[in-house]
Structure formats: structure tokens, C-alpha cells
Amino acid sequence: MSWQRPDGRTAAQLRPISFQRHFTRYAPGSVLVKFGDTHVLCTASVAEEVPPFLQNTGQGWLTAEYRMLPTATQQRQPRETLKVSGRTAEIQRLIGRSLRAALDFHKLGSRTITVDADVLQADGSTRTAAITGGYVALHDAITWLYKQGLLDPAQGSPLRQQVAALSVGIVRGEVLVDLCYEEDSQAEVDMNIVMNEQGALIEIQGTAEAGCFDRSQLLQMLDMAQAGIQELLRAQRETLNL
């Protein structure tokens with residue numbers, strides 16, 4: 001029996017996507033991103049310092065942190081206080097790697113941008129929402145640096161490319177994009193794809209949760225993810241008035 005998507009979407013259809021910029025008052029960049037019922041608050045802050053391994057190089061850095069509100073899921077999850085879980089550490093490293101691909105660190109200068117992704121409500125695909133919304137917050141933080149006179153327009157923008165991410169998987173033999181939690185929990189294959197606007201791959205995370213998948217299915221997942229990511233990139237440009 002084929003899988004019927006809980007919200008009635010077609011296999012290649014994204015959930016409703018929205019970005020609410022300047023969501024908080026103090027962060028140079030902030031956005032509330034919604035992928036359907038997955039809501040993530042992404043903020044980007046700036047510190048005029050770099051990690052020890054970059055001191056005296058003139059290069060900047062970007063790092064990311066990821067957390068979930070205890071009541072982001074149906075059952076309350078304890079806060080991660082003294083030590084983050086392996087899942088959290090993996091996700092925040094993914095977010096950091098993905099967004100670092102968007103930057104030219106020589107043009108950023110000797111400063112660090114921290115992107116915080118806080119999941120307010122989770123219905124699957126939180127990490128891909130965090131990356132996609134994190135780029136919007138990062139873009140606004142770079143704009144803030146220009147307004148503060150901390151970046152020289154003559155040097156060119158530190159932003160070298162757009163970045164967005166999308167989940168894709170196989171549920172009951174069918175390839176689907178932008179999985180909700182119910183679909184993710186039933187998936188035989190679960191993947192997260194990160195790309196830029198040229199369609200170049202930044203990261204692929206893929207796991208066969210049950211059984212395996214073949215090359216043709218992999219290529220189909222990549223093709224459907226690329227089409228969906230192009231929609232996300234267009235949505236980013238629209239919200240940023242680019």
C-alpha cells in the first residue's frame with residue numbers, strides 16, 4: 001500500500017515555508033523560520049574575536065549552536081544543560097559546516113559569527129529548517145556589519161553564495177521531500193541535503209533506517225531535493241529582497 005502524506009502533499013511538494021525577519025530586538029540577524037509545523041528561531045550574533053587557531057591570520061569564523069525547547073515535541077524533553085547530547089552536537093556541527101560554506105572568511109575579517117538555532121516546535125526536518133533560516137539570519141548580520149561601518153564595501157561582501165537545506169527520504173518505497181515527523185519515523189531511508197544556488201552539494205547525510213537503497217533511488221532523491229532546495233533559495237531571496 002502506497003504512503004498517503006498526512007497533510008495531503010504530493011511527493012515533491014514542500015510544506016508552507018515562511019521567514020519572519022528581525023524577530024528579536026538585539027541580535028544583528030534574527031528570523032523565525034517555519035517549515036509547516038516546524039518552527040525554528042535562528043539568530044546571528046557577532047563577536048570581535050576569533051578562536052585561537054585563527055588569531056593573527058586576519059580571517060573570521062562562524063560557529064553554530066542548536067537546542068530544542070523542552071516542549072517543542074509532544075512530550076517534554078529535559079533541557080540539555082551541562083552536556084549536549086550526541087544528536088545535538090552532530091546537528092550543530094552540520095549547521096556550522098553548512099553556513100561556513102556561504103562565507104569568505106578573509107573578507108569577514110577577524111571576527112566570529114555565532115548562529116543559534118532554537119527549535120520552538122518540532123515536526124521533523126528541524127536541522128534543514130535551521131540551516132535555511134540560519135542563512136537569512138547570517139545575511140542580516142552581514143548587512144548589520146556594513147551599517148556599523150565594520151566592513152568595507154570596497155572589499156566585496158563576505159557572503160559568497162546562498163545556502164539552503166532539505167530533507168528527503170523513502171517511505172514505503174516512495175521518495176518524498178521535506179519529511180514531517182510522522183513520515184520521518186516511518187522512513188526506510190532518511191537524508192538531509194545541503195546545496196548552494198548553483199546546485200552544488202555542500203553536504204549529504206544519508207542513512208538506510210530499514211533495508212537499503214540503490215543508486216537510482218539515490219539519484220532520484222538528489223534530483224527531488226535539488227528542485228525543492230531551489231524553491232527554498234527563491235524564498236530566501238524574496239524575504240531578503242534580493
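In case you wondered, yes, glycine gets a Cβ from its N, Cα and C as well.
Annotated phosphate binding site per Swiss-Prot: Arg87, Ser125, Thr126, Arg127, in sequence order, evidence recorded as sequence analysis. A sphere of 10 angstroms centred on the C-beta of Arg127 (phosphate binding site) encloses 25 other C-beta atoms.
Here the Cβ of Thr126 (phosphate binding site) has 24 other Cβ atoms within 10 Å, regardless of which shown protein chain they belong to.
Following the DSSP three-state reduction, the secondary structure of Arg127 (phosphate binding site) is helix. Within 8 Å of the Cβ centroid of the phosphate site, not counting the listed residues Arg87, Ser125, Thr126, Arg127, the chain contributes Tyr66, Ile91, Val119, Ala122, Gly124, Thr128, Ala129, Ala130, Asn192. Taking the Cβ of Arg87 (phosphate binding site) as centre and 10 Å as the limit, one finds 12 other Cβ atoms among all the protein chains shown.
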